[in-house]
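What follows is one structure encoded as structure tokens, with my remarks underneath.
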Amino acid sequence: MPELPEVETVRLGLEKVTVGMQIMGGEVLYPRTIAHPQSPQVFIQGLQDATFLSWMRRGKYLLSQLSFSTQQPSGWLGVHLRMTGQLLWVAQDEPVQKHTRVRLFFVNNRELRFVDQRTFGQMWWVAPTEDPKQVISGLQKLGPEPFSEEFSVDYFWESLQGRKRSIKSALLDQALVAGVGNIYADEALFMSEIRPTTACHQLQTEQVQRLRTAIIEVLSTSIGAGGTTFSDFRDLKGVNGNYGGMAWVYGRQGQPCRTCGQTIERIKLVGRSTHFCPQCQPES
């Protein structure tokens, strides 16, 4: 699943090519992709003639504020890529990919396509009279952004106190911190020398400080590398992310640790593949 760096990479691409562009029309090829409104026709009608004012990211969600040429608000477009979703900026005469779910048309023969093999991705049109947080219910459950002041050491420490579940499990909880997923949880835990199985309540203050710093650092590094592509992620131009080749542990099971040479191990934890170095991340 695309995580914060991948979604931010897409957001940056959307900002460059769609802001100020007017939606001339569109079509929904897979109605289940549209989470709101219930009618795909109403979804397209709501977007018709609207202009993208800006794009923002909240956790793994993408949101664009829309406006008509009269400067009247025309609501919001929301997108969640889920496991395999891709937003591609292409020419309208380019052959339509097999798993294309939604097409939005612009001037100059350009088009924004939502391609999603697994069909878990979602899109929303939120009317001007509606609140995005009420319509896109997942927004209400998100914790602070990793780069925000709210994600302080004090907040992080207090949130982990008393929890007996593993720190890896906690990091996957979007209510704790928004946008971190399986890849960057493993990477940040390696960088902070914490075994993924360590219970939250066993962590010392300095470990929590190191982990917070590592989360921010690895997310920033991956954004700079255009995200990670291990399977489906592509940026707006269809280009793979480059962080995978830099990864410390994720996807490197059976290979030597870049720091100590010990073999990277992979286990299942809370149903997710979890990677770590037994030497650099000793058991508590």
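Backbone N, Cα and C define each Cβ position, glycine as well.
Here is what Swiss-Prot says about this protein:
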| type | residues | note |
| --- | --- | --- |
| ACT_SITE | Pro2 | active site, schiff-base intermediate with DNA |
| ACT_SITE | Glu3 | active site, proton donor |
| ACT_SITE | Lys60 | active site, proton donor |
| BINDING | His99, Arg118, Arg163 | DNA binding site |
| ZN_FING | 248-282 | zinc finger |
| ACT_SITE | Arg272 | active site, proton donor |
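Everything Swiss-Prot records as a feature, shown here on the structure.
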residue	record	Cβ contacts under 8 Å, 6 or more apart
Pro2	active site, schiff-base intermediate with DNA	Val10, Lys60, Leu81, Gly85, Gly227, Phe233
Glu3	active site, proton donor	Lys60, Gly179, Val180, Gly181, Asn182, Ile183, Tyr184, Thr228
His99	DNA binding site	Thr84, Val115, Asp116, Gln117, Thr119
Arg118	DNA binding site	Arg82, Met83, Thr84
Arg163	DNA binding site	Ala170, Ala199, Cys200, His201
Arg272	active site, proton donor	Lys168, Leu172, Asn182
Coarse DSSP state, helix versus strand versus coil, of Lys60 (active site, proton donor): coil
Longest CA-CA distance among His99, Arg118, Arg163, per record bound to DNA, angstrom: 41
Tally of residues which DSSP labels helix, strand or coil - the zinc finger (248-282): 0 helix, 12 strand, 23 coil
Other C-beta atoms that fall within 10 angstroms of the C-beta of Lys60 (active site, proton donor): 23
